[in-house]
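What follows is a single structure, written as structure tokens, with notes after it.
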Amino acid sequence: MEQFHGTTIVSVRRGDKVALGGDGQVTLGNIVMKGGAKKVRRIYNNKVLVGFAGGTADAFSLLDRFEAKLEKHQGNLTRAAVELAKDWRTDRMLRRLEAMLITADATTTLVITGNGDVLDPEGGICAIGSGGAYAQAAAKALADNTDLSPREIVEKSLEIAGDMCIYTNHNRVIETIE
């Protein structure tokens, strides 16, 4: 059976502001199944942003588990991410899930990979998904050479990724914490 896949999620942190955005395309094989999916959300009393890429059902399963870990650890993003990663590595069912998450709060941005790794991105910029490399390169160039806000950088990076990646569209959802 073919998998749902393809998306672009990008996060930019600059000073005390962070933005996290994603496109809206859901693809099954070579068919666009949905163009307006919401892959970026606010959770934990709107204090944490999360974006997901990969298999849609897998991503929702991980999102639910991550939200439970945040509740258990009173919103401590790093602790919740590490605990989710531990479960992801040891639980036989979770190990089969094919998804990645970017999470951000007022002070921290983390990438949680399908291997159960928790990564703190260099320079406050990270991206995942099929268009992630395009978006990350664009975000880095914009951050290094302009005074744009994190939201503006995320928006422009997603636009560039949407122009280059066939699994990424121009329907964007962007959330910020300031």
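Positions of Cβ are set from backbone N, Cα and C atoms, glycine also.
Quick look at what Swiss-Prot lists:
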type     : residues               : note
ACT_SITE : Thr7                   : active site
BINDING  : Gly162, Cys165, Thr168 : Na(+) binding site
8 Å Cβ shell about Gly162, Cys165, Thr168 centroid, Na(+) site members excluded: Thr8, Asp23, Gln25, Ser130, Gly131, Tyr134, Leu158, Ala161, Asp163, Met164, Ile166, Tyr167, Asn169, His170
Cβ packing number for Thr168 (Na(+) binding site), 10 Å threshold: 29
Cα-nearest neighbour of the residue listed as 'active site' within the listed binding-site residues, Gly162, Cys165, Thr168: Thr168
Around the Cβ of Gly162 (Na(+) binding site), the count of other Cβ atoms that are within 10 Å: 22
Thr7 (active site), number of other Cβ atoms within 10 Å: 30
Thr168 (Na(+) binding site): secondary structure state under DSSP, collapsed to three categories: coil
Reduced DSSP assignment, Thr7 (active site): coil
Neighbourhood of Cys165 (Na(+) binding site), C-beta criterion under 8 angstroms, separation at least six: Gly6, Thr8, Ser130, Gly131, Tyr134
